Amino acid sequence: MATASANGPNALLVSVVLLATVCACSALSPYAAGLSEDFYHKSCPQAASIVDAYVTKFLKKDRNFAGAFNRLQFHDCWVGGCDGSVLLNSTETNQAEREAHVNFGLRGVAEIDEIKAALEHLCPGVVSCADILILAARDATAKVGGPTWTVALGRRDGVNSTALMADTNLPFPVLNFSGLVANFAAKGFGAREMITLSGAHTIGRSHCNGILPHLYNFTGRDDANDTDPAMNKNFAVFLKKLCPEGNRTNTIFIDSTANTFDRAYYKNVLQGKGIFITDSTLITNPVGKKVVTSFSKPRSSFFTEFAAGMVKMGNLGVLTGTEGEIRKTCQFVN
């Protein structure tokens, strides 16, 4: 029986097939170049377990930190990439991201630095603040009933952080549906992914600062009765008691089960009980309303899609290799 030759056309065909296979495998990777699931396997094998233990500790103290850690990941990655820049303090000559209007009331920075201190004691100069933040958001979500997902690591810390960049890139809580779509599209996310990641509002709390325009100045009349007409009237009365006109600093939970990651957020939005304008606007578009309705139901794909969205977000603008630095403390550059 004749055997296939290792030379000539057959060899060329095999090479093409192998190349196509390699390319396909690379294309299917959900992670940015330079990141890997086992990045700290040799240099700091306990890194993930230490982050997990500290997140458990923080949630025992205040279960609502889950929302804070989720918000930190979003507010970090959306501004110049996932480089831990949201954690940096301002200096005499620079207002850092945390001073931005859109970052009013940001929590969890001190807790991330506490984790960093523990890791520096064990593995000095190895684990980045950017990676700690990503791990903490994943672990906290899972611990309050949400999905979990595999995290690829290897991010390095950025050295630049400005309030202007944060206010330019992050979506303000007064955006309408098309404004939100445009904001997410600029980062490579579609409308469905925007609605999915909005589901992070199922956990956490907010200062009244971001809610007041929904209650008192919805159409710009600067009128105490200028409330979103689509808002549930009883809910509006309830919110106005918690957030009197002009009060920016009171805090309220974002949804009815704010310490549990679930689908209640989408049910609330459908009932006219969205806290922010950016919540209520999701159902002003027929496509948006269809997705919200779908996610509000048991056995929907919300958890799976949320996990995928967080992985994708974690790839934004990462620094790897020799880029950036590994900070010694998260609130200061080296």
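Backbone N, Cα and C define each Cβ position, glycine as well.
Residues or ranges marked as signal peptide in TrEMBL: 1-27.
Annotation comment: TrEMBL describes 34-334 as domain 'Plant heme peroxidase family profile'.
Among the features that TrEMBL reports, disulfide bond is placed at Cys44-Cys123 (among others). Around Cys44 (disulfide bond), taking its Cβ as the centre, 18 other Cβ atoms fall within 10 Å, counting all chains.
Neighbour list (Arg71 (site 'Transition state stabilizer'), Cβ cut-off 8 Å, at least 6 residues apart, same chain): Leu106, Arg107, Gly108, Ala200, Gly204. The site 'Transition state stabilizer' feature in TrEMBL is assigned to Arg71.
Close to His75 (active site, proton acceptor) in the fold, though at least 6 residues off in sequence, lie Val86, Glu97, Val102, Asn103, Leu106, Ala166, Leu170, each with a CB less than 8 Å from its CB. TrEMBL lists His75 with the feature active site, proton acceptor.
Annotated Ca(2+) 1 binding site per TrEMBL: Asp76, Val79, Gly81, Asp83, Ser85, Glu97, in sequence order.
TrEMBL lists Cys77-Cys82 (among others) with the feature disulfide bond.
Annotation for Cys330 (disulfide bond): same-chain Cβ neighbours under 8 Å, separated by at least 6 residues, are Gly84, Leu87, Leu88, Val109, Ile112, Asp113, Lys116, Cys129, Ile132, Asp157. Residues or ranges marked as disulfide bond by TrEMBL: Cys129-Cys330 (among others).
For Pro171, the entry in TrEMBL reads substrate binding site.
TrEMBL lists His201 with the feature heme b binding site.
Sequence-distant neighbours of Asp262 (Ca(2+) 2 binding site) (same chain, 6+ apart, CB under 8 A from its CB) are Gly145, Gly146, Thr202. The Ca(2+) 2 binding site annotation in TrEMBL covers Thr202, Asp255, Thr257, Asp262.
According to TrEMBL, the feature disulfide bond maps to Cys208-Cys243 (among others).
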Exercise. What is the interatomic distance between the Cα atoms of Asp76 (Ca(2+) 1 binding site) and Cys44 (disulfide bond), given in whole Å?
Worked result: 24
Problem set entry | All-chain count of other Cβ atoms within 10 Å of Val79 (Ca(2+) 1 binding site) | 29
Seminar exercise, completed: Within 10 Å, the Cβ with the most other Cβ atoms among the disulfide-bonded residues Cys82, Cys208, Cys243 is that of Cys82
Exercise. Whose Cβ lies within 8 Å of the mean position of the Cβ atoms of Thr202, Asp255, Thr257, Asp262, the Ca(2+) 2 site, other than those residues?
Worked result: Ile203, Ser256, Ala258, Thr260, Phe261, Arg263, Ala264, Tyr265, Asn268
Exercise. Relative to the mean position of the Cβ atoms of Asp76, Val79, Gly81, Asp83, Ser85, Glu97, the recorded Ca(2+) 1 site, which additional same-chain residues have Cβ within 8 Å?
Worked result: His75, Cys77, Trp78, Gly80, Cys82, Gly84, Val86, Gly158, Ser161, Met165, Gly317
For this session: Take the C-alpha atoms of Gly81 (Ca(2+) 1 binding site) and His201 (heme b binding site) and report the distance between them in angstrom, rounded.
Result: 21
